[in-house]
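A.B. asks: I am attaching a structure below and will ask some questions about it afterwards.
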Amino acid sequence: MERGAMASNGVNGSPKTCTANGTCTAGTGIQGEFNLSNFEDGVLSSAFVVGLLIGCPIFASLSKRLIGFGLSVWMLAVIGCGLSFSFWFIAICRMVVGIGEASFVSLAAPFIDDNAPAKQRTAWLGIFYMCISTGYAIGYVYGGLVGDHLKWRYAFFGVAILMFPFIILGWIMKPLQLKEPESPKMNQRSRFLKDMKDLLREKTFIVSVLGISFTLLLYLFTFLGYMFACELNLAFVFCTGYTAYNFVIGAYSYWGPKAGRNIYKMENADMIFGGVTIICGILGTLAGGFLLDYLTSTIRNAFKLLTGAVLAGAIFCFSAFCFKNMYGFLVFFGIGEVLVFATQAPVNYVCLHCVKPSLRPLSMAISTVAIHLFGDVPSSPLVGLLQDQIHSWRKTSLILTSFLFLAAAFWFIGVFMKSVDRYNEEESNEHASESGAASDTRTGALPEGKD
């Protein structure tokens, strides 16, 4: 909700504008008060994610007991946003907001995956990730109302108050228990270093980082070169597609209301975008989770669903920005959002089931770092910079939407690649050891020292 409020026109505002004859209109909100260009405005969105990236790997091993502390940091940083007196101060506060959120972001999906019924895991994940899109959309509406009727600063104070009860719960509730094998007791530093060492042995993640690095080069230079030059594997395909997906979704979520207001002259862009996103986010995210369970939850089926949903969603979203009529745009964009949001549960299913259970929190953290670092961290400032150059929100939106086709293309390759579900790997090894011991007993072999 806080992120949506930040992106709303009531809080984010608009820059100062001047006509050719010298008549100027004062800016509004954060952008107007600090006289920000669209590029600088986009940096405020990325600043949050930078903090999230810094905190995720650290909190992945520590956050079972430090969720209350992390959320306290989050609340104080949000209050700092409301008290900001300059661009750099609010940018730093946004980074600290991201660090606070990192205290729980790595544990949510593994915890749900452990506690959900086996045949409903992706549906449960879908319900959880539905809260992200729904909260963002509520933030649009909330930020617009508070920013228009009070001042943009009060939107941050209100969200901080709403978080306070959850901070209390974070301090007093029993720490989360995740599915992990028995291991010797060790301090937090040693455990974190051991987890990182184990994760670096996973070829999947090593190649993921390389794949995402290639994606950055794709953004900057060409769409074609590495498609033929690189040896692709499942990790490269998955992470490259996911990065392109986040590149679009991150910019959509931050610039959507402003683009809609400028292209279609929406008087209540926050309310309209918020309402459409609430409905489409709930429908799409839940549908993706339930559909994957219906098809049978496998990594290959997840790639099939990702490919079909994103390709169809890209077609509808791209077509939507070609309409000159607002109602035609809303119908096509709404359908596109339903399809695009259907990826939330499948994409996290892949993240959770490509590594052994004990590494899932750290894998979610590293995945979060990777997809954001080359996805929505650069997208908001780059889209702002593009808009500063071409001064056409329609063209900017069409260029941005085209990255969804890149995501669909890479995920389509993943359908035909070998995939292994490692969810029960450690458990299976333990059972194998027990079976071996039982076999020895049945054949008369006794432990050493026994008569």
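One-based numbering along the chain as shown.
Using the three backbone atoms N, Cα and C, a Cβ is placed for every residue, glycine included.
OK, TrEMBL features for this one:
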DOMAIN    1-420  domain 'Major facilitator superfamily (MFS) profile'
TRANSMEM  43-62  transmembrane segment
TRANSMEM  69-89  transmembrane segment
TRANSMEM  124-142  transmembrane segment
TRANSMEM  154-173  transmembrane segment
TRANSMEM  204-228  transmembrane segment
TRANSMEM  234-255  transmembrane segment
TRANSMEM  271-291  transmembrane segment
TRANSMEM  303-323  transmembrane segment
TRANSMEM  330-350  transmembrane segment
TRANSMEM  398-417  transmembrane segment
REGION    427-451  region 'Disordered'
A.B. asks: Counting only pairs 6 or more apart in sequence, are there at least 3 Cβ pairs under 8 Å between the transmembrane segment (271-291) and the transmembrane segment (398-417)?
C.D. replies: no
A.B. asks: Compare 69-89, 303-323, 330-350, 398-417 by their Cβ pairs under 8 Å to the transmembrane segment (124-142) and return the stretch that comes out on top.
C.D. replies: 330-350
A.B. asks: Report, as numbers and ranges, which residues of the same chain sit near the transmembrane segment (303-323): CB under 8 Å and 6 or more residues beyond its ends.
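C.D. replies: Answer is 238, 241, 245, 263, 288, 291-292, 295, 329-333, 335-340, 342-343, 346-347, 350, 394, 397-398, 401-402, 404-405, 407-408, 411-412, 414-415, 419.
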A.B. asks: If I take every residue in the domain 'Major facilitator superfamily (MFS) profile' (1-420) and average their pLDDT values, what number comes out?
C.D. replies: 78
